[in-house]
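K.L.:
Here you go, one structure.
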């Protein structure tokens with residue numbers, strides 16, 4: 001998040017696929033820097049006025065700019081990017097950026113070198129999963145938030161914070177399409193939080209900016225926008241029947257959305273689970289219909305946030321759950337999960353931003369086991385998608401890329 005003058009004299013080199021994807025109209029995005037406030041363009045710091053703070057909408061600003069936007073009374077402020085209003089008390093420390101600042105140290109070295117990645121190259125992955133390809137990169141994708149695969153066509157869809165919010169990569173891994181303009185029109189996307197692809201070939205996006213769910217065809221034409229009743233729609237995944245399972249983070253609820261996307265008509269939007277705690281990531285098993293949800297828990301004191309993974313049967317019976325503390329008993333560090341998926345065998349796969357890893361937690365009936373699948377080469381994994389050939393696409397927000405692994 002931010003302008004590109006703080007990390008180095010020039011942005012890191014783009015990956016080969018990213019060079020083909022960066023086109024006219026996106027040159028300014030190449031200069032965006034993860035470590036600068038996008039309002040004042042000052043480098044973030046661990047304390048004082050430059051400490052990075054999360055807004056409820058997902059955008060990040062420094063503490064000084066938050067204070068200036070809040071005015072003399074400091075009661076309410078408006079996000080300068082998506083215009084959502086909130087109170088200063090609703091903001092929180094941006095832990096990922098604080099962790100990166102700690103890695104970089106007071107000398108303020110470059111992000112790739114501090115993470116051990118010269119030029120953005122990823123390290124090897126153990127357990128039989130090897131990095132086969134990287135897509136996007138600095139200047140092509142900007143702070144990506146969601147990834148999804150179309151099993152029928154082999155296309156890969158990424159949601160990010162660029163001028164055109166959705167990028168579609170083809171089976172040859174070239175960028176086929178960009179759509180979802182940043183703006184206020186009905187089919188514009190203010191701030192995408194997650195994306196999925198239905199089996200009938202539609203791209204469905206959660207928009208945190210206006211709290212809606214928006215559907216597009218693969219040509220980028222908006223076919224449906226649903227806003228009624230949501231507090232903050234966040235994660236989503238498609239069922240084999242082209243229904244969408246959706247989390248509402250602020251309402252603490254899980255919804256099932258059915259629509260005729262061809263005709264642009266909503267059939268139903270039914271709450272199927274309530275009393276969840278800030279649910280975000282969600283995944284549906286394509287074989288059993290089981291649903292797994294990531295809850296984000298809050299605790300008193302700084303840096304005490306944690307996550308909990310809950311698994312439900314297709315009938316929405318609770319099958320199992322495990323929080324960060326329980327997982328830490330079988331793994332020698334804190335686990336903070338940000339994304340979840342089912343593999344073709346029905347095993348639960350999660351990302352962990354603390355250990356920069358992808359971990360298998362096993363099938364619902366054996367949950368949880370602990371099997372690291374990828375433990376090298378990732379900086380801040382925030383998304384997962386299994387592709388038709390069973391390759392695993394990992395969305396790495398730390399270097400703005402999608403990394404594809406296979407055995």
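Quick reminder: no glycine exception, Cβ is built from N, Cα and C everywhere.
Automated prediction, rather than curation, is the source of TrEMBL annotations.
Positions annotated as domain 'RING-type' by TrEMBL: 37-83. Taken from TrEMBL, the feature repeat 'NHL' covers 136-172, 176-219.
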K.L.:
For the repeat 'NHL' (176-219), DSSP counts of helix, strand and coil?
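P.N.:
Its residues divide into 0 helix, 24 strand, 20 coil.
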K.L.:
I'd like the per-state residue tally for the domain 'RING-type' (37-83) from DSSP, helix first, then strand, then coil.
P.N.:
11 helix, 10 strand, 26 coil
K.L.:
What does DSSP give as the helix, strand and coil breakdown of the repeat 'NHL' (136-172)?
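P.N.:
With helix first, then strand, then coil, the repeat 'NHL' (136-172) has 0 helix, 17 strand, 20 coil.
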